[in-house]
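Features of the protein shown, as given by Swiss-Prot:
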| type | residues | note |
| --- | --- | --- |
| DISULFID | Cys44-Cys59 | disulfide bond |
| DISULFID | Cys48-Cys66 | disulfide bond |
| DISULFID | Cys60-Cys67 | disulfide bond |
| MOD_RES | Gln20 | pyrrolidone carboxylic acid |
| MOD_RES | Ser74 | serine amide |
| SIGNAL | 1-19 | signal peptide |
Amino acid sequence: MRLVVCLVFLASFALVCQGQGYKGPYTRPILRPYVRPVVSYNVCTLSCRGITTTQARSCCTRLGRCCHVAKGYSG
């Protein structure tokens with residue numbers, strides 16, 4: 001009798017784990033909020049060449065690496 005109860009429990013647990021059994025709110029995956037990609041750190045170079053105006057502003061506000069025309073930035 002104990003063996004039958006144990007097998008039934010394991011079978012129902014396997015169905016829930018596979019998502020074929022009870023579909024309650026706790027068996028669904030948690031959706032992650034969409035996060036906008038940020039400018040990667042390798043874009044914020046010290047030479048300020050080849051980056052856009054938006055990237056230059058982002059580097060200046062986040063990292064303190066501010067590009068100026070005198071340093072070679074031509075945005």
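Just so you know, the numbers here start at 1 and follow the chain as drawn.
Cβ coordinates come from backbone N, Cα and C, glycine included.
Of all the disulfide-bonded residues listed here (Cys59, Cys60), it is Cys60 whose C-beta has the fewest other C-beta atoms within 10 angstroms. Here the Cβ of Cys66 (disulfide bond) has 13 other Cβ atoms within 10 Å, regardless of which shown protein chain they belong to. Mapped onto three states, the DSSP output places Cys60 (disulfide bond) in helix. Cα to Cα, Cys48 (disulfide bond) and Cys59 (disulfide bond) are separated by 10 Å. In the three-state DSSP assignment, the secondary structure recorded for Cys66 (disulfide bond) is coil. Between the C-alpha atoms of Cys60 (disulfide bond) and Cys66 (disulfide bond), the distance comes to 4 Å.
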